[in-house]
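Visitor: Quick one: structure below, then a few questions.
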Amino acid sequence: MDARQMKIKAAEAALEYVEDGMRLGIGTGSTAEEFVRLLAEKVAGGFRIQGVPTSERTARLCVELGVPLKSLDELPELDLTIDGADEVDPQLRLIKGGGGALLREKIVATASSRMIVIADETKVVDMLGAFKLPIEVNSFGLVATRIAVDKLAARHGLTGDISVRASGDGPFRTDGGHLILDASFGRIPDADALARDLNAIAGVVEHGLFIGIASLAIIAGPDGARKLGA
Ligand SMILES: O=C[C@H](O)[C@H](O)[C@H](O)COP(=O)(O)O
């Protein structure tokens, strides 16, 4: 089974949790896109859902495939969000934001009664941090914010490069017009404390640590999908 087939396996297993009539948060990334494709087939077959996309990219795919969409303001309380992740640890703590959608993803997931993560087994880690931690920041005061993040990291005993994400000739911009700092910490022994402290830095809009948000992860490997959590 190749990487794409594993993503499809995870997405298929997640689809079983989607019920007719649900208000559904729809994640971003290559795994979430496999989910959107399967969801579109169900919708074409008469299944009714109302989706809230977590990015412009996901919104475009949903429109293209005929998945009905609403804004989060129209549907501020959701039944379920299904989304991918860059890392998942045994406590279902996540790193997200590899595609830059972390802010909307976190807003949508926390507006949902439940978040289910779909991922292939390469995303499962004992300790978060091998994947660069995305930190969404306001472009005003970028240098000051980066210094503040660097000092905070040092207080947490974390070292590693913190760089502004690039795209083409310029910086990457999120759907909200912000910048992303990618922090190469390697290992984050106390992700809960780091998450809390990052949110206290004024220039930080949001970070990619999702703590206590997901209740189930569907992890696909060569032998099929297994579940972490309930
Ligand atoms: O910003 C992007 C998201 O957090 C994605 O869900 C995450 O990067 C995983 O993406 P993929 O399924 O492509 O590995």
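Backbone N, Cα and C atoms are what each Cβ position is placed from, and that goes for glycine too.
What you see is a predicted model, and the numbers here were worked out from it, not measured in a lab.
As annotated in TrEMBL:
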- Thr28, Gly29, Ser30, Thr31, Asp83, Gly84, Ala85, Asp86, Lys96, Gly97, Gly98, Gly99, Lys123: substrate binding site (BINDING)
- Glu105: active site, proton acceptor (ACT_SITE)
Visitor: Determine the minimum-neighbour residue: among Thr28, Ser30, listed as binding-site residues, which Cβ has the fewest other Cβ atoms within 10 angstroms?
Guide: Ser30
Visitor: Among Thr28, Gly29, Ser30, Thr31, Asp83, Gly84, Ala85, Asp86, Lys96, Gly97, Gly98, Gly99, Lys123, recorded substrate binders, what is the largest CA to CA distance in Å?
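Guide: Largest pairwise Cα separation, rounded: 15 Å.
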Visitor: What is the set of residues, excluding Thr28, Gly29, Ser30, Thr31, Asp83, Gly84, Ala85, Asp86, Lys96, Gly97, Gly98, Gly99, Lys123, whose C-beta falls within 8 angstroms of the centroid of the C-beta atoms at the substrate site?
Guide: Gly27, Ala32, Ala101, Glu105, Ala119
Visitor: From the Cα of Glu105 (active site, proton acceptor) across to the Cα of Gly98 (substrate binding site), what is the distance in angstrom?
Guide: 12
Visitor: If you run the three-state DSSP split on Asp83 (substrate binding site), which class comes out?
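Guide: In the DSSP reduction, Asp83 (substrate binding site) maps to strand.
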Visitor: Across all protein chains in the structure, which of the binding-site residues Lys96, Lys123 has the highest Cβ count within 10 Å?
Guide: Lys96
Visitor: Once near-sequence residues are set aside, which residues in the chain of Ala85 (substrate binding site), 6 or more away, have Cβ atoms under 8 Å from its Cβ?
Guide: Leu94, Ile95, Lys96, Val117, Ala119, Lys123, Phe210, Ala214, Ala217
Visitor: Would you mind ranking the recorded positions Asp83, Gly98, Glu105 by how many other Cβ atoms sit within 10 Å of each Cβ and giving me the lowest?
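Guide: It is Gly98 that, of the recorded positions Asp83, Gly98, Glu105, has the fewest other Cβ atoms within 10 Å.
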Visitor: Would you mind reading off the Cα separation of Thr28 (substrate binding site) from the residue listed as 'active site, proton acceptor', to the nearest angstrom?
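Guide: The separation of the Cα atoms works out to 8 Å.
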Visitor: Sorry to bug you, but what's the C-alpha spacing from Asp83 (substrate binding site) to Glu105 (active site, proton acceptor), rounded to the closest Å?
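Guide: The separation of the Cα atoms works out to 8 Å.
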